[in-house]
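*Asks:* Not my notes, these are from TrEMBL:
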type     : residues : note
DOMAIN   : 43-324   : domain 'ABC transmembrane type-1'
DOMAIN   : 371-610  : domain 'ABC transporter'
TRANSMEM : 40-60    : transmembrane segment
TRANSMEM : 80-102   : transmembrane segment
TRANSMEM : 160-177  : transmembrane segment
TRANSMEM : 183-202  : transmembrane segment
TRANSMEM : 263-283  : transmembrane segment
TRANSMEM : 295-316  : transmembrane segment
Amino acid sequence: MSPFSSFRQVSGTNSAKPTAKEEFVSWRKLFSLAKPESNLLSLALLAQMVSVGTTMIFPMAVGKIVDIIQLPNSVDQLKWMASALAGLFVVGAVAVTVRVALMTTIGERIARDLRKQVFQSLMKQELAFFDGRQSGELVNRLSNDTSVVSKTLTENLARGIRSSVTTTGGIGFLIYLSPTLTVAALSFIPFLTIVGGIYGSYVRSLSRKLQDALASATQVASERISAIRTVRLFAGESIEVGRYTQRIEDAFQLAKKVAIAEGFYMGGGFFMGQASLLAVLWFGGHQVLQGALTVGQLASFAMYAVNVGFGVSSLANGYGQLTRAQGAGARIFAILDRKPCPLTGIEGLELGSSYSVSSHTPTLENDRPSLIFDQVHFYYPSRPQHSVFKGLSFQVEPGELLAITGISGCGKSTILSLLSRLYIPQQGHIYLNGYDINSLDISWLRRQIGAVPQDVVLFDGSIVENIAYGAGEEVSMDEIVRAATIAGADYFIRQLPYGYETQVGERGLSLSGGQRQRIALARAIVRKPKILILDEATSALDVESEASISEAVDLLRRKENMCTIVIAHRLSTLRDSNHVIVLNKGVVAESGKFEELIAKPKSFLSKLMLISEGHGLEAADDEKLEEPSRAK
Ligand SMILES: Nc1ncnc2c1ncn2[C@@H]1O[C@H](COP(=O)(O)OP(=O)(O)OP(=O)(O)O)[C@@H](O)[C@H]1O
């Protein structure tokens, strides 16, 4: 049994989708995210306490002033009180400035660090992780969830502390001023607590749905905008506007429910607050008339009661924000805590460093790599019921040019994914120069491979940046030009207005399909790979350009002793190979020299050529060739 077999079924150790239990992260875990900022946060909270202290003293001071102005010859006392209050306001203003500046900066720092960590964690995950997820949803975690969490750890925390202090301190002052009046003033609190609890759980479940609805709308928008050419070509604008409108409307309906609930809650709270203030003035007025309370004390009492009312409602509101942040935190931790599959993901990925070299980085004997696929069985983890390979075996000799062909969907491109360890086979082995590729350091392995995938994607940037992407930062301009020349790209690049500095646009869409393919080929060549895999890499080129590029690549293959695998349907591409294998029903159905296979009218290759000329499976007259839709 292979030492790696225990990893075979693994596609990551846990899912990024939180289970019902993990929908909310604990407060402790959530607040652990603020730990790196604890010093600055303490300073900001100190400033917060100072500003809260000044607001707490204010009603008492107002009450004193009201009483002083009723006394004869109290001008000096009034002056003193006014100066003291002015001093208090200055201290309060400085404290507010420090708190706001610090809290906002800390919030941005937490969001920045979280986004960096979440993105880093996403980059480490194996490909299978992304198969079942939508990019819009993951982007939402990076942007929305991180900002909800950072706001809660800073602004909402500060607001929560202020509300707690104003509420508890305010109640203290109320009891100090008049215990009996305090009962009237706080009679609304039990009601608000019960209604607040019901409101909180209602809003919490709505908010979760709202987040999901917004994520789904973002997904539609980002996918359709990035595929705007296709939308235009099929005149799909109004359908897409309708689709987006529907999703955003769904989100709006949920937001409306939240708004109505919030309106009722705030309105009810406001009414209760006003009613209790009226009760304070009613009973307090009677106490003033009876001489049990001064007018100033009643004024102070009323102001504290208002403060307590605002404090309680702000606490209830803050609780809602906290539960929202617990949900966002759970989604963030589902990514941060996720350990990538040990064989296909990247375990250690620090900023600016290479992957951890934890396993084998052999020297390829005589620089002549050979490749063996040995009884490989494979299905994609997201589609376990459909086996792509059922015992695939073939071999590529050092320096050989192997062509792989087969009907669409038979698994040709999957070979590149398995060889690069983007996925691992459930059974069987792949050997590079006799080493099981699972025993090799993953970044080393991928550095040996230069690949031009079927669907070429370039990144927004210059041509030179895109070609250099294949080899890292150390590549020289001469090497880039050499690779571009072999790939047949140098000529057209020089014709462009800014030559190698020309910007290719998002996903390289400002270039033609053939130009993109040639740049992708240069990107693969510039890394001086030991194994070159071309997956329909010249399909967008005319036969003449294809022939001249094939010739240049062939020269390079001989010179560098590169193993080359060409995945193709076209006769012209297959003809130049040393060896052709035809895939069918998850195995190698046929293998041999091109001329020998094509000479037999009943061979799989001959039938495939008939199909590729547009005659269809019926013309090939062979029920053995499996249509992908029939694949089980
Ligand atoms: N990420 C994926 N998740 C699930 N199934 C996949 C995935 N990628 C490919 N498949 C399926 O695996 C099978 C093999 O796909 P593959 O892309 O290797 O075929 P192919 O021979 O290269 O096809 P074509 O000639 O059309 O490019 C197909 O049935 C395809 O639907």
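Cβ from N, Cα, C; glycine included.
Remember, TrEMBL labels are computer predictions, not curated facts.
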*Asks:* Determine which recorded stretch among 40-60, 80-102, 183-202 has the most C-beta pairs below 8 angstroms with the transmembrane segment (160-177).
*Replies:* 40-60
*Asks:* Taking only the residues in the domain 'ABC transporter' (371-610), give me the average pLDDT of this model.
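*Replies:* Summarising the domain 'ABC transporter' (371-610) by its mean pLDDT gives 84.
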*Asks:* Given a Cβ distance threshold of under 8 angstroms, which distant residues of the chain, six or more beyond its ends, lie next to the transmembrane segment (295-316)?
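*Replies:* Sequence-remote neighbours of the transmembrane segment (295-316) are 55-56, 58-60, 62-68, 70, 159-160, 162-164, 166-167, 170-171, 173-174, 177-178, 181, 185-186, 188-189, 192, 196, 199-200, 265-266, 269, 272-273, 276-277, 280-281, 284-285, 287-288.
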